[in-house]
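Novice: One structure coming up, written as structure tokens, with questions to follow.
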Amino acid sequence: MRSEPRLAHFAVLAALALTVLPLFLQLPPWVPLLFALQLGGRAWLAWQDRQLPHRVWLLLAMIVPVLLLWLSLRTLVGREGGVALLLLLTGFKAFETVTLRDWRVLLGLGFFLAATPLLFDQSLPSALWLLLSLFVLTWAMVLLAGVDSAASPRAAALALLYAMPLMLLLFVAMPRLPGPLWSMPTMDQRATSGLSDSLAPGSIGQMIPSREPAFTAQFRGRQPVREQLYWRVMVFDRFDGARWTAGSVPDSGAALASGAAGELSYSITATPFKGALPVLEHAVWAGEGVQQVAAQLLRRIDARNEARLRYDVRSVAQAAYPAALSAEQRDHYLQLPAANLRTRQQGEFFGRQFRDEAGRLVALRAWLQQQGLRYTLSPPLLQGDVVDDFLFSSRQGFCEHFASAFATLARAAGLPARIVVGFQGGEFNTGGQFWLVRSSDAHAWTEVWLQGHWQRVDPTALVAPSRVVSEVGELVPEAQAVVPVLGRRPPAWWRSAHAQWQRAGFVWQQWVVDYDARRQQSLFQRLGLGRVGVGSVMTVLLLGGVVLVLPLLLWLLWRRPPPRSYPVRGWQLLVLRLQQAGVAAQASDTPAQLRDKAKGLAPSLQQQLARLLADWQQWRYAEGATDADPRWRGWWWQVRHFRPPRLAASGFSASGKATMD
Amino acid sequence: MQSISLAYRQLNALILGKPLQIRLALTCVLAGGHLLIEDVPGVGKTTLAHALAGVLGLDYRRVQFTSDLLPADMLGVSLFRPDEGRFEFQPGPVFSQLLLADEINRASPKVQSALLEAMEERQVSIDGRTHALPKPFFVIATQNPDGQLGTFPLPESQLDRFLMRISLGYPSPESERALLLAGDRRQALSALPAALNAGELLALQQKATQITVSSALAEYVLALLLASRKRELFMHGLSPRAGLAVLAAARAWAMLNGRDHVLPEDVKAVFVAVCAHRLQSRLPGMNSIDAAQRLLDHVPLA
């Protein structure tokens, strides 16, 4: 039994609905809901065999959802906007889907839509869902091609399986973009969050959170809590009134400190930023390839090597440092330019008011909290005395503004202070049991010298605690690892299954999601192919094609049904040759029709064609005609040598009429 | 064969500018099938039917179908002969070599059924006795297109008893000018000499069945049938009976063209006339004739 076309149509609609299901989690819920309604409506029309609405109505009906989309997202481009718009337009496309070709176009859109959930989430469940979507879409495609419905699942699975080697090859070989597409800055005076080698609050108008991974960290034994994770990369201690930079006075705490309480042992995989590498506070031991330098920072030993590396560190909760700053150091950390008069006056006021340094710090923090400052990633640009402007006028900013303002205040109040730049927090990957820190986790905070050690003060956390504290589930990763089943420990099978799942997630993350430009580069280098470029990519594609795809292709060819007979192949070739010559020939034409259509050819060619056609007709349809006739071989040879030249600027198009889809 | 081309020439002289339809009508007769002529009134349906009967030299009767016609009016009745003390069957107009069923869609479904049964079985059962119809037996039915008042459209299951359906359409301006100048063709009709007789016709029909159909040609017809079932052009695909009908008509067409084997062009020539009335187009704005033509345009010969 051949599958009914209507069944295939329902299959296409169902496959589309299934494909975009994960988008419910990412888009305003009404968008996927409307899409589902559109598909349902189209299915109902197909079920009832009703006429589709006129195109004008479709155009009018499109206005409202698109307007609504604009109102709710304020954009129609970018990740959310683009995907939502694509979804709605696909839904409307379903209403002008009539012919087989239309259905194929709709299915093609489905294959495109299947990739969109990956823009939001690249975890293993998403990948599995994509695989399911691909199977269902391919199944619908197979049904649409008219394959028997009982045999269709197998045909779809086989088609996907055959495509696998090519997919693998393309995955390995295709050049990677250096970062996610959607965070690329499109205008000036914006920045992606991340690090730079100086800090100038107020010069950046808008911060675009970049989801690009910055580094990963894996803890052995004791796991940290999220608020503990202040990853230090750089320290800025010179201020010129607008810009903080790294000064030249060395810190006395260059040597590794000692301590044992609350030890955290971890390894980090990161790319050095000008030689600097992320590390937690109070590192007491650093492994191979790295060394601890001034101000509790970590540097790569061969600082010029910019390649990614993995290194081990141990940190403690509190470490002992030399008890006092030298007079020279003290001056350095109290240095302030003449600008920002109001801020300095405010700080000096606290300095006079509170003789006790600890009390002074408490008062400063309390004062900052009361200023009604607001955390935003798109603050107004600041001018002139940027700290004054921020504290007393705009009152909006992100971590850099807060850190800069607090450090200025503290120095004016007579407390040695510096700014630390790095990352805060991270995202705990339960699958891989590691922390993924993204560029969007970049952070700046302050350290104040108090009672013999540098004490961390995070002014951003004072104003916007949510920047530092995140969801409970992420705070306590152990809480996710077990599922309470009626208050008891989960059964053994559950724990082993869960462990397997976590491993699969880590492998997925490590081998697929993390396969970025850098890893591709290193793979290419290990294969001896040098840089990722046109030449090397072509080499990989060719070699891989020969090794992976060619054997499969040969096997499929070998398994193919026996080749078509000479008269059949010859007929198709003859029609093709005529088409190539610019004759509007079709394989459905009769020999007489072909002769008529070929009237534009040279007379000798026409004669040749007429003879070929007459023989074909006679040997194929007269009494006793058989495809096994030995004369066919010679005839086929003649057809292969029949190559009419292209007609000059004839009215016919080479491809002839459109196909019947 | 001489006689059939003579018949063709005579018909062409009578019905101007419709050589293709005349050829199809003759093909239908040679293939032993019934013919349905569908068109608006006044374009010469009845004239063509009369002329066919005339040139084929057949004994023919005409029944004008109306809504009050009863089956017995057509099939015949058994009359009681008091003097002989028995019933005698009085055959109706269906007992003729050629029955001209005019405006078949104006009769009630009862009469239509009775006629179509006779067409299929080539015999009539009345009062428990079976009466064979004469040989050859043809029905040429005419009908106005559906949608006219007071008609009972033939259901599809009955339409496929007709081997072919053809339409005449309006004549070309030249033909019509000639027609207007020559006056009423009915005069010429009565003067039409017979080109054949029933015996010769039966022999020709027998000969038509001997025309060679190669396996490649059968493949082509099969491809057409399969395509009609697969593609989204039609509500239902063609039946095996339709396939046999296509081959029978193609054989007759090949014979008319003086060939002893069927070519794809013969199939293409008869396909629309044989199949369009058995199909329903699925595509909006496209009737079954266009859709059948489209099918032909897309199924490759090999």
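Each residue, glycine too, has its Cβ placed from N, Cα and C.
Residues or ranges marked as domain 'Transglutaminase-like' in TrEMBL: A:391-461. Positions annotated as transmembrane segment by TrEMBL: A:7-24, A:56-73, A:103-120, A:127-147, A:153-174, A:528-558.
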Novice: Does the transmembrane segment (A:7-24) come close to the transmembrane segment (A:127-147), meaning at least 3 CB pairs under 8 Å for residues 6 or more apart?
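Specialist: Between the transmembrane segment (A:127-147) and the transmembrane segment (A:7-24), contact is present.
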Novice: What does the DSSP secondary structure composition of the domain 'Transglutaminase-like' (A:391-461) look like, as residue counts for helix, strand and coil?
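Specialist: Reading the DSSP string over the domain 'Transglutaminase-like' (A:391-461) gives 24 helix, 32 strand, 15 coil.
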Novice: As a test of reading the model: what is the averaged pLDDT for the domain 'Transglutaminase-like' (A:391-461)?
Specialist: 84
Novice: Take the transmembrane segment (A:7-24) and find every residue of the same chain, 6 or more past its ends, with a Cβ under 8 Å from one of its Cβ atoms.
Specialist: 31-33, 35-36, 39, 42-43, 46, 83, 87, 90, 94, 103, 106-107, 109-110, 113-114, 116-117, 120-121, 126, 129, 132-133, 136-137, 139-140, 143-144, 146, 149
